[in-house]
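Inspection log for the structure reproduced underneath, given as C-alpha cells.
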Amino acid sequence: MKVTLLGAGAWGTAMAVQAARHLQSGDVCLWSRSPEQLEVIQRIGENAIYLPGVQLPQGLRLEGSLERAIERLSENDLLVIATPMSGLSETVAQVLRIAQHPLNIVWLCKGLEPSTTLLPHQVVDREDKLHSHGLQHAYGALSGPSFAQEVGNGMPCALTIASKSNALCDIVQGAFHHGNMRIYASDDLVGVELGGAIKNVLAIAAGIGDGLDLGLNARAAVLTRGLAEMMRLVKAAGGRPETCMGLTGVGDLILTATGDLSRNRRVGLALAAGKPLPEILGNLGHVAEGVLCASAVGNLATRLGVEMPITTMMSEVLSGKLSPQEALKKLMGRDPRVEV
Ligand SMILES: NC(=O)C1=CN([C@@H]2O[C@H](COP(=O)(O)OP(=O)(O)OC[C@H]3O[C@@H](n4cnc5c(N)ncnc54)[C@H](O)[C@@H]3O)[C@@H](O)[C@H]2O)C=CC1
Ligand SMILES: O=C(CO)COP(=O)(O)O
C-alpha cells in the first residue's frame, strides 16, 4: 500500500513516520508546499521546526510536486490531508482537480470553517460537488487523542477513523494500525469532528483556569460541563452523543485540556498570564485551532438553539470582549439548574 500525506507540520510528519515504520521503503510520501522546508528536512533528516528530535525514516519519500504526490496513488492507496482546517478546502479542491481515478481521502484537521461553520466533511462535500468531475472518492476523518511529539517518538496511541465507507476504514487501519498505534472505526462523522473541534476550545478554557490558579475542582468542572456542551451540540447537529464518550470526545478532551504539550492549552495559560493574543500566537509557531473556531462553534450552537456557556465565554475572551476574570465571574454567576 502507498500513502501520501499533504502538509509537513507536526502532525503530518508524525503520521508519515508512523506509516513509514511498517510500510515498504518508498511507499510513504510526505508533501510540503515549501521547497525550503523540504530542503532542510532532506539535509538533516528531521523536521526540526515542526517536529524536533524525531529522526525521519530513510524510506520516507519527500515531495515538492503536488501532482507527483497524488499521481503515485492507485485506487487502493491512501491520501491524507494533514494541513490545518484553514488549508482543507483549498487542498482538497487541488487534489480533486488533479485526480484521474477514485481516491481514498482522509483529513486530520480539527475545527470548523469559520466563515460558514461547516464541519470538515461538509467542506469536503462542497468541494467534491464542485471539482470531482464524476469520480466517486471515499472520504473520512481521522481523529483522537494524539500529541504529534509522542507519536513521532513511537509512544502508544489510539485513534478513530470516521467514514461512511468500511473499505476506507480498512485502508486507514492498514496504513496506521501497527506497532504502538491502534485505529478504531466509526461511522459518526458529525460526532467525531465536532468532538475534535470543541475539545480545543475547552482546552483553552482549562488552560485559563489553571493559569489563574483556580484549582483542580475548577478544572474538573470545566471538563465535565464542557463535555455536556459537546454532547448537546453533537446531538443537535445530527451526530451521536455517545461518540463524545470515546477517543475523539472525552479522550481528546482529557489529553488536550490537561497535557502541557497542547498548543490550545498553552494559549489559555498565556491568556491567564495577561499576554495579548497576537503575541501568544506569534510565539506558538504552530496552529491553535480552538482560537480560530471558538466563535464558529458558538454561532453553530446559536443556530441550532443549543446553550454552550463555556464555549461562548471563550469566544468572548478570544475576541477581546471579556477578560478571563470577567468570563469566570459570568460563568460562576449563572442561575442554578438541573445537571443535564
Ligand atoms: N500536532 C498535533 O499533535 C495534532 C494536530 N492535529 C490537527 O492537525 C492539523 C495540523 O496540525 P499540525 O500539523 O500540528 O500544525 P502545525 O502548525 O504544526 O503545521 C501546519 C503545517 O501545515 C502547513 N499548511 C498550512 N496551510 C497549508 C495549506 N493551505 N496547504 C499546505 N500546507 C499548509 C504549514 O506550512 C505547516 O507545515 C490541525 O488541524 C491540528 O488540530 C490533530 C492531532 C494531533
Ligand atoms: O489535537 C491534538 C491532540 O489530540 C493536539 O492538540 P493541540 O492542537 O492543542 O496541541
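Just so it is clear, glycine is given a Cβ too, placed from its N, Cα and C backbone atoms.
TrEMBL entries are annotated by machine, without manual review.
Between the candidates K110, K321, K329, K330, TrEMBL assigns the NADPH site shared with W11, R33, Y50, A148, R263, V287, E289 to K110. Summary of the site annotation: TrEMBL records sn-glycerol 3-phosphate binding at K110, G144, S146, D252, S262, R263, N264. Screening the candidates K2, K199 against this entry identifies K199 as the one listed for that site. The closest partner of K110 (sn-glycerol 3-phosphate binding site) among the recorded positions, by CA position, is K199; the full candidate set was G7, G9, W11, A148, K199. For the binding-site residues G9, G144, the largest tally of other C-beta atoms within 10 A is found at G144. Candidate recorded positions: A10, K199, D252, S262, N264. Those with a Cβ under 6 Å from ligand 1, in sequence order, are A10. Listed in sequence order, the recorded positions from G144, S146, K199 having a Cα within 10 Å of the Cα of R263 (NAD(+) binding site) amount to none.
Between the CA atoms of G7 (NAD(+) binding site) and S146 (sn-glycerol 3-phosphate binding site) there is a gap of 17 Å. Cα spacing between W11 (NAD(+) binding site) and S146 (sn-glycerol 3-phosphate binding site): 9 Å, rounded to the nearest whole number.
Proximity to ligand 2 (Cβ under 6 Å from any of its atoms) holds for these binding-site residues out of W11, S146, A148, D252, S262, N264: S146, D252, S262, N264.
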